[in-house]
Structures are given as C-alpha cells and as structure tokens.
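This report concerns only the one structure given below.
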C-alpha cells in the first residue's frame, strides 16, 4: 500500500510539473492556434496579452505593411512568451481582400490601381 501511495504522489507531481511547463498567456502563441479566419495579435501597449482576432472584412481598418512577426515577450511576473506568425495591432485582411494604401481599409483588389496591398506578399 505504501508503494501505491508513493506512485500516486509521483504521478500527481509529474502532472503539476507538466502543467507548469505548458503555461501560455492569452489565446495564442501563433496564428495557427486561432484557426481559419483569425490570426494571433499583440497590442501596442506594454505587457499586452496575445489574442485571436478575426481577419479583416470588407471595410475594416487594416495596416499596410504589417507582416507576421516573431516576438519574444517578457512580463513582470517572470513569464516569457515566444510568439510566431503574429501581428501587431490587427490581422491582415481576408485572403480575397487587400489593404488599401489610400484608406487603410480592407477592399476588393483592383488591378487598375497601385493603392492596394497584396496580403499574400508575406506568405511563403
């Protein structure tokens, strides 16, 4: 019976250590965590928390030249978070839309103007 108790305690200790190693702050550490139709964003303020945000829809605000970034964040509680494929402030537009340089909004692409930003520019 003493061996059984020791095994249980060891199992619980392993679970606690495993859970502590998987700590994550916010919704995401990569856009892949957010699923289709969303991306991982981090705000502009110090100690912002990563969150999943919907991709820009027609007429939504967007940021021209906002490529995905890899960031290493440190928080006052000692937690460090590595973000990959994440965006500052807002997600890019949906794939069928483009961020207009003139209006900074998601619009349908138009071949006749140079005012559109192709979202696929930063994709592999």
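Glycine too: its Cβ is placed from the backbone N, Cα and C atoms.
Marked as disulfide bond by Swiss-Prot on the basis of similarity to another entry: 28-40 (among others). Secondary structure from DSSP puts residue 28 (disulfide bond) in coil.
The 10 Å shell around the Cβ of residue 34 (disulfide bond) contains 22 further Cβ atoms across the protein chains shown. As annotated by Swiss-Prot, disulfide bond applies to 34-52 (among others), with the evidence given as similarity to another entry.
Neighbour density for residue 39 (disulfide bond): within 10 A of its CB lie 24 other CB atoms from the protein chains shown. In this structure, residue 39 (disulfide bond) is part of a beta strand by DSSP. Per Swiss-Prot, disulfide bond is recorded for 39-91 (among others), and the stated evidence type is similarity to another entry.
Marked as disulfide bond by Swiss-Prot: 62-99 (among others).
Under the heading disulfide bond, Swiss-Prot lists 93-106 (among others).
The signal peptide annotation in Swiss-Prot covers 1-21, and the record cites sequence analysis as its basis.
Of all the Cβ atoms in the protein chains shown, 27 others lie within 10 Å of the Cβ of residue 93 (disulfide bond). Taking the Cα atom of each, residue 62 (disulfide bond) and residue 34 (disulfide bond) are about 19 angstrom apart.
Long-range Cβ neighbours of residue 40 (disulfide bond) (same chain, at least 6 residues apart, Cβ-Cβ under 8 Å): 27, 28, 29, 30, 31, 33, 34, 50, 51, 52, 53, 83, 85, 86, 87. Around the Cβ of residue 106 (disulfide bond), the same chain contributes 56, 57, 58, 59, 60, 61, 62, 93, 94, 97, 98, 99, 100, each under 8 angstroms and 6 or more positions distant in sequence. A 10 Å cutoff on Cβ-Cβ distances gives residue 99 (disulfide bond) a total of 25 other Cβ atoms nearby, all chains included.
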